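The next block holds one structure in the form of structure tokens; read it before the comments.
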């Protein structure tokens, strides 16, 4: 038996950084997916193994069931509700990961493998499985690749475990019911905690539910976009230190409290305006174009405020300038200091212009993705999808 | 007899655009000068002529005294206080200017020539003069070239007219006394009104008094910089429509009142911080470097907010990116949409780096000036300066 689950990545449409200082932010799903395929091997296969393949990275890890049971059996009984991995258990998991001799250059993946072991053993117990992960999301670029990994993996494991009510005969992508999405989201959050320590919960929530969420002071509200929205996502491939960037903004806020407070207030207004704009109905093409213009203006304003916070970067400015040549508006998304940049692609924009701007950005060494924004969340499927 | 007067240009250090919406702004003089040399021809010279030479533009205008007297005599009696040019008089002035057949490409200078005729006839009466104007300031780039023209011209005319108390035997640059500076400033403002319609009075005040001024809601306060400050001024040579840019910001403020109000508040805080920073004493080199870093941060923040207002331009971004490569911070100055960009040059910066950044900016087709900021105002000199 095999189940596939896919979960989307996320972008921050407005409010990054300022959210740390009490402003509203808006995140949205992007239709770039991480897919987890989980297969229960038939008895004729080489049994007694848990295999995790990270296809895009050409990595494969495996453990014998007895080894995992020995290490984690005492911690993982009959868990049916999402539970945080106890510190003692995490130690055992880390030693299981160390067995695998992950190459030094890819050691950053260790926490993801740890999250896998916790989610697998807690949700499914100790049965042989063959897990294959593929992803359209670049790693560590602020597009929520780790959350999409945790959500897709948890979704597939939950479907196999029988903890959720799904139609195993249906052929095609299915979504969970509302309360089961909550269960999925909570499990994925437990995986995220292993990877990130103190995640905000935004990434896994967007990846689980799709669409968009508004968040402020730790509280999340799902919002429904009524606007077909397409963005060009440019990965500058410039690595950055999110913690240092967040700390830099806080230090600037300490040095210039009045000015920065006004800046955070401005961002708050922009996020609120944007979420109202995105939820308001679109009557016709004219109306859509007007809304796109307003959205572009809000993005431009937010980008200026991010520059005011000091989190832009030469690579980001290059993307801004390049897209501006084509009269397209961009803003950084996420931590800044490199990472990804969003460029709004109006619905009436010709494909030729899109091709040109992509070619020019690629010639700068950047990686480009066209993505629909605010679409579906996690989905599962049994059997053949082709 | 000959008198020379020179008057500096100005930059806006912080607060442009936001000042229209009630925020504080800070302007400063730059040590780039417009010089007016006014000579009373000896009787052996070709007399009965008023000659205005704009040396940098290779233009010369001249009128016979009788022609000017005929046109303006009824308006200009024994004026001793600064007076606005009456509408009827301006009509006569315009016809005097039309006599000169200014080439179509330089018709923008007509209002400056009009201002000359009003200041000349009002301050000096109808005596033959030979006036030569030279300037280090680019025209129409937001560096206050018209104010420097009006101030230097008025300063020379006032000195010749005997309306001010100056030592005609001293050889070297002299400054007016405080109350005479007021008189000079008021006359220059009358010239500015002919050129600009409704000038703010900031440019002529900075050009007259030098140093810096803080201005908010129409009220100006002179402030004294205690910081040696050097900027690279890059003229993008991109022409812009100041009125349209100002209107654009106002329209954005109508569309997004909450966000833009916060943005204007942020700018207000930045201008206030900057004016305090600039006036606080500098104890040593370490202290100066720290102050320069703070100033750079305030400039970066202000630039982000100007981008948020939508008044940046691709050419401005090019200057920002280029200077950033050398770890130098820049902001646009004035209306934006092209025009000039300031780059802070720290006192300890090596000349080699300055040369490199200038060479790179020039290779983009820009014009660069190194200028001391917050220095002297208008000065006059009799006789030979060499």
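Backbone N, Cα and C atoms are what each Cβ position is placed from, and that goes for glycine too.
In TrEMBL, annotation is done automatically, which means it is predicted and not curated.
Now, the feature entries from TrEMBL:
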- B:124-210: domain 'GHMP kinase N-terminal' (DOMAIN)
- B:293-347: domain 'GHMP kinase C-terminal' (DOMAIN)
- B:107-127: transmembrane segment (TRANSMEM)
- B:139-160: transmembrane segment (TRANSMEM)
In the same chain, residues at least 6 away from the ends of the transmembrane segment (B:139-160) whose Cβ sits under 8 Å of its Cβ atoms read 1, 3-12, 30, 32-38, 40, 108, 112, 115-116, 119-120, 123-124, 129, 131, 133, 166, 176, 180, 183-185, 187-192, 195-196, 199, 203-204, 206-208, 233, 235, 237, 239, 242, 333-335, 339-340, 378-380, 382
Take the domain 'GHMP kinase N-terminal' (B:124-210) and count its residues per DSSP category (helix H/G/I, strand E/B, coil), listing them in that order. 45 helix, 8 strand, 34 coil
Restricting to the domain 'GHMP kinase C-terminal' (B:293-347), report the mean pLDDT as a whole number. 95
Would you list the DSSP helix, strand and coil counts for the residues of the domain 'GHMP kinase C-terminal' (B:293-347)? 29 helix, 9 strand, 17 coil
